[in-house]
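This report concerns only the one structure given below.
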């Protein structure tokens, strides 16, 4: 292998010798317990001498991230409608195909559908993935999470015994406004992150605020897309005043905090001039 060979070229050489393990299925490391090397890394720039031992791990069958997201987000969209239209096998024959007497239920369905339609549009037209694939086995776990929670939330929000929020229209309209602002903010951050890789580059860059006011959250947090996402579900919780939605929001916050901390640490490790004021997900706190 030439000293100026990239890890991607080494993966292709390996694949040529062993066709079973295509490049996306390979994890190439300098140490068995270390992190996988990135495609763009060059052999001679790694901490190795004139000879190097690389360790291979089979990641298993892979599936593209675009396909993963389309499957994950299409499920909740249609599952919610099964409960919204009160199919006979959900609440029983006495309540089949009846509409809820509470307008907030219709509003919740619109907001829930809008959220996942936005995600599908972003998946196709906006997102640029640093990793092209993920292990096929993970899609079952991911779908259980998204589809299962969509069914759980929809069951209670569309239940014949559902009661509307305590403070009526004021609570609902306030929550809807916050929901829409967070959705616009989340979309704005995804556009800004996508623009960092407009030319197909996979080189990591520091994201900075743009002229769009919704991106100014970058002054204070590393992952404002997660901040807005949590805000979206908090708003949905206030709108519906439903305990299962609140529990789902709490789990979302915990998971996104973990992701945000990991990404924040990566930024700090890779960029010596990374803005010191930023926190992972909540300004000045977390």
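Just so you know, glycine gets a Cβ as well, placed from its N, Cα and C.
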(request) Check each of the ranges 234-254, 255-275 against TrEMBL and return the one annotated as transmembrane segment. (result) 234-254
(message) Can you see whether the transmembrane segment (213-228) and the transmembrane segment (172-193) are touching - at least 3 CB pairs under 8 angstroms, only pairs 6 or more apart in sequence?
(response) yes
(message) If you count every Cβ pair below 8 Å, which range out of 63-85, 139-157, 234-254 shares the most with the transmembrane segment (172-193)?
(response) 234-254
(request) Go ahead and report the DSSP secondary structure tallies for the domain 'TECR-like N-terminal' (1-58): helix first, then strand, then coil. (result) 17 helix, 10 strand, 31 coil
